[in-house]
Every structure is written in C-alpha cells, then in structure tokens.
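Copied over from TrEMBL, here are the features:
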- 18-122: domain 'Thiamine pyrophosphate enzyme N-terminal TPP-binding' (DOMAIN)
- 215-332: domain 'Thiamine pyrophosphate enzyme central' (DOMAIN)
- 425-550: domain 'Thiamine pyrophosphate enzyme TPP-binding' (DOMAIN)
- D456, N483, G485: Mg(2+) binding site (BINDING)
- 570-630: region 'Disordered' (REGION)
- 600-615: compositional bias 'Acidic residues' (COMPBIAS)
- 616-630: compositional bias 'Basic and acidic residues' (COMPBIAS)
Amino acid sequence: MEGTEADVGASGGFKDATMGRHIARRLVEIGVTDIFTVPGDFNLTLLDHLIAEPRLKNIGCCNELNAGYAADGYARSRGAAACVVTFTVGGLSVINAIAGAYSENLPVICIAGGPNSNDFGTNRILHHTIGIPDFSQELRCFQTVTCYQAVVSHLEDAHEQIDRAISTALKESKPVYISISCNLPGIPHPTFIRDPIPFSLVERTSNSSELAAAVEAAATFLGNAVKPILVGGPKLRVAKAMQAFVELADASGYALSVMPSGKGMVPETHEHFIGTYWGAVGTSFCGEIVESADAYLFAGPIFNDYSSVGYSLLLKKEKAVIVQPDRVVIGNGSAFGGVLMKDFLEELAKVITKNTTAYENYHRIFVPDGQPNPPEPNEPLRVNILFQHIQKMLTENTAVLAETGDSWFNCQKLKLPEGCGYEFQMQYGSIGWSVGALLGYAQSIPDKRVIACIGDGSFQVTAQDVTTMIRNEQKSVIFLINNGGYTIEVEIHDGPYNLIKNWNYTGVVEAFNNEDGKLWTAKVKCEEELIEAITTATGEKEDHLCFIEVIVHKDDTSKELLEWGSRVCSANSRPPNPQKALILPETTEDDDRDSSFLSVDEDESDYNDDTFEAEEVQHEEVQHEDVQHD
C-alpha cells in the first residue's frame, strides 16, 4: 500500500515526503540512530535530509574506510548499521570495510550518492570516475561484497528499491549497496509518506519433518557417545541462536567451549565452560578435551586456515555434528536442509541425554594457569603483565575490542565477566579495522566502556578517527601497544617490511584533540606507571577518552602467536602439487563430497580426508523472500 498526496499532507506536510527523509525514518525503524558519513558533492543533499531526522545522529568520519569500519562495529551490537559516502571515490574507498562486514555476516547499509539522474545514458564523462561514460564501475565492484544492490535514479520506484534493500540486509544479515542520484533526495513524492508502513518481514521457519528427523538423528548420535562436547562458533550470532546454544549446554551437561571467533557469544561464567578451542593455541586443556572426545557438536563454525591453525586441528568428520544457520550434517551420514539452527538447538535440548563425562575429565586434569613472574621495580613492562592488569578492569559494564595481531591471542585469554562484550574481526583480519570499529562499537553501546587493544602498526593505518571519538565524547580506553612493527606478520614471515617508523603516539592523539575535547593520554614503560595510568583512567578521567601508549620489547609476544605463526607459515609455504600445477581438473560427479571438509593431499599434510581442515564452501544461508507490508 502506498500513500497518496493527501495522506502526506495530513501526516505533516508534503515537504517532508522526500526520499532522504524516508531513508532516515527507515534506518531509525530498524534501530539505527547514528550514521557514519564522509561528505562529497554527490551526497550533500542526501545528507541534508538524513540529518533533518531528529532521531538520527550524523557521525562525520575522517575517511570512508573508517566510516565502513565504524558501521561494522556498530552493527555488531545494534544488529544493523549505515554509512554514507560519495560516488566511486568514496565507494571504492569504503569497499574494503564492506567486504569485512560481509565476511562477518553484518547487515551494513552502504549508501552512495550517485550521478544526477539526467546523466545516465548520455555518454557524458563525470568527475570521480575513471574517465569513461560508464557509471557502473562502483556497482560492479559492490556486487561481489553485498547481497543486494539498488541504483535509484527514478522517484517512481525508489520506495520499493530502498525498502527491498534494507529488508534484504536484515533477512540475510549481509551488507547491501544503495546508490542515490544526487538530484533526487530532496524532491517530495507521494510514495514517501511521513510515517512509512512498518516493515513486516516474513519469519523463516524450519521444515518440520526435516527438523524432527535431524533432532532424532543427532540425539541418537550424541547419546551413543561416551564423552561428547559442545563448541560454539561465530555463526551463532547470525543464526540468533546464542541463547538456544546455552539452553542446550544446560540440558546436556556437556563440556562447553567456543571457537576463537565465537568468543563473547557464549557466557564464560557457565559452570561447564572450558575455554577457547583453537587447536594448539587455545585455552590450556580445552583442545585436549575437544580432540579426545568421541563426539562433538559444532554450532555455527568457520574452519579456515587461521581458525584451524594452519589446517592442524585433530578433528574427525565421523565424530561431528555440524550445525549451520540452516543446515545440519551428522558424521559421515545424513544432511538435513531447511533446518534453522535456533529451532534445532531448542528441540535437541528437550530430548538430549545428560552426560557430564567430558567436563568431569576436564575437571580432573585441569591445572590453573600460572601467574607471570613478578617484575622487578621499574623493570621494562612485559605484555603478560599488561594483560594481567587489563583483566582486572573487566566488568559487566565494559566490553573488549581486539585488533588483528598479538592482541588476538592475548585478549582470547581474558576471562569475560557476565555481560562483558567482546569483538574482533577474525575471518577478514584487516589490519587497521579496530580504530574505526571502536568508533562504531562504542557509539552503539554508550552505557558500556570499551577497552581496545591496538598494535602500533595497525593504528598507523586508520589513526585519524580517534579525533571523531573525541568529537563525539566517547569514553573508551585505548591501549596502544608499541612494539615497533607488524608483530603478527613477523611471526608468520619476517622481513624489513615489517618494521615501521615510530610515532610519538600520545603526541599524535593530543594533536588530534587540539585542547578542545575530553582526552587524557599517558605513556607507560613499567608496571608502576601502568598501574598509575589505569587508576587515573578508571577514576578521575573515567568520563574521558583515555589513550595509554604501552611501550614493550619488539620480541615480547604471546607464546600462542609464536606457535600459530609458525603453523600458518607452514600452511602458506606448501609447495605446488605437481599433479595440479599443469592443468586445472574439471569438476566431476566424483568431486561431489561434503564441502565442510576439504582435504590436503597426503604428501602435503599429515592430515587426511577425515580431518577438519577448511571452512565449508559458503552455501546460500538465507533464501530471498518478498517484503510484505501490513
């Protein structure tokens, strides 16, 4: 149903019935109250009408990449986010962040101001292009990293295209791309009624017979095991199954763990929680319990070279129940499609046989982690001492954000209190993600204080938007770990390219502040200075953005990074298989095997076809459904 011109007048004036105001109201409707923007001549009119919506706040960013990263961080908490950029120069700058959001299943709505509608098909050459009259370059680039694309160059169908794009982002939990011709946002049109009809998205449901069969098969499979366990993965979020997974853990009594990219999605205060399963670099004793189990249920896993520690996990397909957002695979046997993860876990919890054997085994062999050697007075600060003190900062009113690098491993070892958030980007692993993501994540959860651990190399990529945090009066605590380079790359493959020019980091952010905001900085070199800085940041300066530069030795890393780096290096440096180097084989029916377990040839690896070694080929997680209106 579409409004008429009379409806518009009755609801508050035809002047408000514009495309720009319609987009703004739709964003607010889905929970987005902040938009991350970089102005350009093709989006200025659109921005005028977006910020005219009183419930929508404009967060102006220093560059498009950070605007995209901010939207990524925001969507992790709010369930959706939006960024606005200009045509091509802005779009191709933000696209790296959108690709990361795609990999993390985040519904980010990327809106680009586009050419004047009169310029399409005229063979004219425009600025902000590569100098050809074809305006589709930006669109074609976004087609590979978004689930839906809309080019809005006519008012008549703009309402339908915009609503379909936003609803598709929500249903598929992936980014979408919307291009808006620069001359259209401010033109009133009857379809843009002031109070748009609310979205009514069709709820997806499981196939009841497939669900029942999957639950029965899984219950039998797990019931026949002696020491089964549960492992949560990152797709618990996109499947909206985190609570259902906890209910299954409660009902089953199984030992409970998470994959590294699932940290924060399962309460670590659960009585049967045993830590992070990350092969040789996970929580002590967790890997031994998981890999010695005779059955394991993985809910929403991603097995890639990073999460499998260079394809070295000791897991067997015939022991596994793999639960993806809409599919269940049991051992070497049946696969059940059309089964939603949330429904499956809830139903399985009702019939599962309780078995605490694996947790009891863990409890028997568990030895508490040791404490780092206490430092001498004014001894140069060590990373393990730093994280010992960060652990003490964590409460239900905090959240942790970890940058790509050694912070991945050190933050994995933090024990999260109930209600403490945790975010990092593992699948895409884009160095520099954390600064923009911190901006968006902190903006989305103003009642929590975010503690960010960022390496110096990563910070240099995207540092500018610390100024945006100051401008928006955020109160995060940033630990800038200054060890002189790209440490994670050093441990994979060292070379002079991993060294960076050292900055005066506290001086840089003070320059960003320019004595015009609530910023407090400190530079620490020993434990005594660290304790004093944390005391000030959590006390007198708790309402400030606190930036603490921590100077550590260039070779001071976690033992986990040393192990992980060597294994990833080994995986990266495997020589070509001579049988495959000459010609690419054609796909045949013989190749049609379960793609959850892609093998490495026996002469390249100690692990065979029965071993977990790679992420499944992504199948379509959500089918397109028509948008319905009340």
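Glycine is no exception: its Cβ is also placed from the backbone N, Cα and C atoms.
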Cβ atoms near D456 (Mg(2+) binding site) (within 10 Å, other residues, all chains): 24
Output field, Mg(2+) shell: CB within 8 Å of site CB centroid, site D456, N483, G485 dropped: G455, G457, I481, N482, G484, Y486, T487, I500, K554
Residue distribution over DSSP helix, strand and coil in the domain 'Thiamine pyrophosphate enzyme central' (215-332): 40 helix, 26 strand, 52 coil
In the chain carrying G485 (Mg(2+) binding site), residues 6 or more apart in sequence that have Cβ under 8 angstroms from it: D456, G457, N498, L499, I500, K554
Cβ neighbour count within 10 Å of N483 (Mg(2+) binding site): 21
Residue counts (helix, strand, coil, in that order) that DSSP gives for the domain 'Thiamine pyrophosphate enzyme TPP-binding' (425-550): 58 helix, 28 strand, 40 coil
For the domain 'Thiamine pyrophosphate enzyme N-terminal TPP-binding' (18-122), residues assigned helix / strand / coil by DSSP: 50 helix, 21 strand, 34 coil
